[in-house]
Structures are given as C-alpha cells and as structure tokens.
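Undergrad: Sharing the features that Swiss-Prot gives for it:
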type: DOMAIN; residues: 291-515; note: domain 'ABC transmembrane type-1'
type: TOPO_DOM; residues: 1-22; note: topological domain 'Cytoplasmic'
type: TOPO_DOM; residues: 46-49; note: topological domain 'Periplasmic'
type: TOPO_DOM; residues: 70-81; note: topological domain 'Cytoplasmic'
type: TOPO_DOM; residues: 105-289; note: topological domain 'Periplasmic'
type: TOPO_DOM; residues: 313-324; note: topological domain 'Cytoplasmic'
type: TOPO_DOM; residues: 348-379; note: topological domain 'Periplasmic'
type: TOPO_DOM; residues: 403-435; note: topological domain 'Cytoplasmic'
type: TOPO_DOM; residues: 459-493; note: topological domain 'Periplasmic'
type: TOPO_DOM; residues: 517-524; note: topological domain 'Cytoplasmic'
type: TRANSMEM; residues: 23-45; note: transmembrane segment
type: TRANSMEM; residues: 50-69; note: transmembrane segment
type: TRANSMEM; residues: 82-104; note: transmembrane segment
type: TRANSMEM; residues: 290-312; note: transmembrane segment
type: TRANSMEM; residues: 325-347; note: transmembrane segment
type: TRANSMEM; residues: 380-402; note: transmembrane segment
type: TRANSMEM; residues: 436-458; note: transmembrane segment
type: TRANSMEM; residues: 494-516; note: transmembrane segment
Amino acid sequence: MQSVQGTQAMSDPTAVRPADKRAFLKWAVLGAVGIVNGYATILMYSRGEVAFALLTLILTTLALYIFGSRKTYAHRYIYPGIAGMILFILFPLAYTVGLAFTNYSAKNQLTLERAQSVLMDQTFQSGESYAFQLYKTEQGYRLLIEDGDERLATAPFSLSGNVPTDLNLEVIGGIDGEVEPIKTIIGYRTELSGIDLHFPDGEDIRMSGLRKFAAVKPLYTLQDDGETLTNNQSGQVLRPNMEIGFYQPINESGEFVGERVSPGFVVSIGTHNFERVWKDEGIKEPFINIFIWTVIFSVLTVIFTLMIGLVLASVVQWEALKGRAVYRVLLILPYAVPAFISILIFRGLFNQSFGEINMVLNGLFGLSPAWFSDPLLAKTMVLIVNTWLGFPYMMIFCMGLLKAIPDDLYEASAIDGANFIHNFTKITLPMMIKPLTPLLIASFAFNFNNFVMIQLLTQGGPNRIGTSEPAGYTDLLVSYTYRIAFEGTGGQDFGLASAIATLIFLLVGALALLNLRFTKLSQQ
C-alpha cells in the first residue's frame, strides 16, 4: 500500500521537488539583490554620485551573472575576494587618482548647477525692516508688524500642516492673544521664512531675522544663456570661471575681473596639482625633505627591528638559558598590546615636563631633552618607539627561521674552528635572507605609510616654518598628505592631497619593484 502511494506521489505533476524549491529561492534572492542595488544605483546617480553608482552597478552585475549562470559556477568561490579587491583597493585608488586632476577642496565641493542654485537662493535687503511679534490666539497664530506708530496684523493662520505662503496685513488696534517667546519663533523659523506679507500699499516683506521682517529681493538673476548671473544690488555680471571653479565678475570685453564668489564648484584642472608639488617652493621643499625622512625612517626601522629581533631570537633559543619560555612571553608582550595604546603610553613617558624618562635623565645627568620641540630628538623618539613596536614580530619570525636551520651545519663549522661571527655570516644569514626578503619589503612598505605612529605620537611636529601647507619634521608622506587634506591653511585641499597620495603610491610601488629586482640579482 505504501509503495503504491509513493508511486502516485512520484507521478503527481503537482508535487514540488526540492530542486525546484532551491531554484525558486535562488532566483528570488538574486531578484531582490538586483532590485535593491538597482534602486540604490539610481538614487546615487540622481544625486550626482556617478562613481559610486557605477561601482554598485558593476559589483551587482557581476554578482547576478556569476551566481545566476551555471557556466560561472566555479567563480562563485572567488567572487567575494574579487569584490573586496574592487571595493577596497581598486576603487579607492582610481577615485583618488581621479581627484588628483580636479580642484576638489573645502571651497570647491559642489557641481556647477548646485553652486548656481545656492547663489540664486541668496537675497539682499532692498528696503526698510520692521519688528514683528508672533501671537497665539484661539483661531490660530497671527503676525503683528509695527510700522512706526501704526500696527498691522495678519489674519489667523496655522503653522502646522497647510502653512500659507501669502498673507495680507491690515491696520488693527490690538490682538487678543499671547505673545510667543523666541524659542517658538526658532521652532517655526522654516515655516515663517516661507511666508510673504503684503502691506496695504502693495509693499512685500519677508522674514529677515528672528525679530525682523524686511523687503528682500533675490541677489542674483539668471540670464537667458543659463550660466550668466547679474547682481541685482551692484549690477555686476558674473560668469563661471572653469579654470578655477568659481563665479567671477566680467568686464565689458568678457574678461574675468574682481574677486571670486563662493561657493565654488569642481572642475578638471589637469596636472596643476602635480605641478604645484614641484613648482611651489612652499610645497616642494618640505615634500622632498619629508620624502627623504620617510625613506630613512622606513629603512632604519627595518634594520633596527631586524637586528634586535634576530639577537633576541638567538638568545631565547639558547639552550643554556634557563626560563626561556618566560623570556619569550615577556618579549612578545609589546606585540600583544595594541599599538595605539603603546604609542600613547610612550607619548606620556617622553613628556618634556612630566614624563618619567626626562625625570630619570634629569635626576641622573641633569638633562631634560626637548623630545617634541627639537627636530633631531623628535625623530630619535619616533625611531625608538617604532622599534619597540616592531621588534617582537621580527623576533617571532626569526625564531621560526632559526629552528629550520639544521644543527649539523653548526656542528660541522665548530669542528672547522669557526666562531659565532663566521656562523652568522656564512650559515645563519645566507639561509635566512631568502625567506626574510618578502617580510623586509612588506615591513618597509608598511612603515613608509605608518600614519598611526606619527599621528598619535607627534602629529608630525615640530612644525616647519615658511611652508605653504602644514608640514612637520617627523611627518611622513602619508601624514603630510593627511594634513594637507584636513588641516590646510587655505582650507581642506583634497585635490592636492590626492595628487601627493598618487605620488606616494608610485614611489612605494617603484621602491618595492627595485627591492625585488635587487633581491633576484643577489640570489642569482
């Protein structure tokens, strides 16, 4: 009986198979992903974020194709990695390079259309201003305007829901109601700003402050060409200057004259930001000095951490040393503590007035070094702290490499009468240098862009004098870029910072390639 029922169930065309359920669920999920991301793409594009809209479109299209087609089944396992690489590496890189060729800054953030709209919204007071009061009556709110000895008021209206945009003023003797405090006016400021009041003689006034209504007019009028603006107060004619990204007044011959008018807008300026790095002495000189210091800092950090790490790795693996496990744990602690905590602790220890290091030096030798004021001492302090943070990692790596070297080699060298120097130069170093090379290159690249270290310890200080942009003696290129982008004297200059970031990328890439090239030559 059960077999007959099973046969009938298998032959029933209305029965839903598990494979059909999985297919339906898959296409339902893919459809939902496509709809949500498609809607997000449209929103971003409509708001002018073309780059982010294109990124979302590419990632979504790839996901739908890879997970929806049987031909690309194997690619499903590598798609998360590819998407992450596009999202966190390629896109930021391309976006930064793109910004380097624009004037994008704190003063130039809008599009031309948006900047024009902001200017069109500006107004100026073209007539007398009048004090007002907001009354609350049983029928609603009323505005009272005082024109000399004359008192005029509006009809009752509502400030919630359907707020009127035009109200007539009539001469009255008084109002039965309570005067609203200033906090109520502040709360309804948006609604009150949209109301036009009309005097009996035809004069129109609008809210010009928390206590005043005045006759105001648009400051600019847009001409028929869709770009030219006329200043209704001064009569000046303005046009967008596409070379600097600002509206500027023009003379009768159409040449730009006078001061630029904010807000600015984003325009393409070609290689101007890169040219500033080499032509502006206020940027060129600190850039070259900071680049040299960055290379020295990275190289010395790698050398110091490797030397200390290798020596300590050899010591803690010395069989005659008792308590080696305890020493290993203690020496690894600097690596276990989060770097930002250690940096802030060292910042307190090196404090020139209250730091424990200066207290000890002053008590023993009568010295009180100016760690944060003297350029040489500041660089020394940075190297000391960075070496402290980096040697445990090198020590751990060297411990593993030393374990991999056969003891027979050292026994044979001992029979030949070799000392520890010959053992290190002829056995240890040659066998460790090949696996160490990628680590040393990675350590160099990391310290080349060690922003956290500089920002938390010295913030780039002490500052250099006579530079166009903020720059310090301990600044690395990456922290110098950050200061230009967010602490610039002339405002946040994201375009120039992006140009320097692009140069940093090219420099680090070139140095890494040179290191790899020299490594291959030395191995050959």
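Here the Cβ of each residue, glycine as well, is placed from N, Cα and C on the backbone.
Not measured: the values here are computed from a predicted model.
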Undergrad: Hey, would you say the transmembrane segment (380-402) packs against the transmembrane segment (290-312), going by three or more CB pairs under 8 A that are 6+ residues apart?
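TA: Result for the transmembrane segment (380-402) with the transmembrane segment (290-312) is yes.
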Undergrad: I'd like the per-state residue tally for the topological domain 'Periplasmic' (46-49) from DSSP, helix first, then strand, then coil.
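TA: Each residue of the topological domain 'Periplasmic' (46-49) counted once, the result is 1 helix, 0 strand, 3 coil.
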Undergrad: Counting each residue once, how many in the topological domain 'Cytoplasmic' (313-324) are helix, strand and coil under DSSP?
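TA: Taking each residue of the topological domain 'Cytoplasmic' (313-324) in turn, the totals are 5 helix, 0 strand, 7 coil.
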Undergrad: For the topological domain 'Cytoplasmic' (70-81), what are the same-chain contacts with Cβ under 8 Å, counting residues 6+ beyond its ends?
TA: 62-63
Undergrad: Below 8 angstroms Cβ to Cβ, which residues of this chain, lying six or more residues outside the topological domain 'Periplasmic' (46-49), approach it?
TA: 111, 114
Undergrad: Could you tell me the mean pLDDT over the topological domain 'Periplasmic' (459-493), as a whole number?
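TA: For the topological domain 'Periplasmic' (459-493), the model's average pLDDT rounds to 88.
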Undergrad: Using DSSP, how many residues in the topological domain 'Periplasmic' (348-379) fall into helix, strand and coil?
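TA: The breakdown for the topological domain 'Periplasmic' (348-379) reads 17 helix, 0 strand, 15 coil.
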Undergrad: Could you count the residues of the topological domain 'Cytoplasmic' (403-435) that DSSP puts in helix, in strand and in coil?
TA: 27 helix, 0 strand, 6 coil
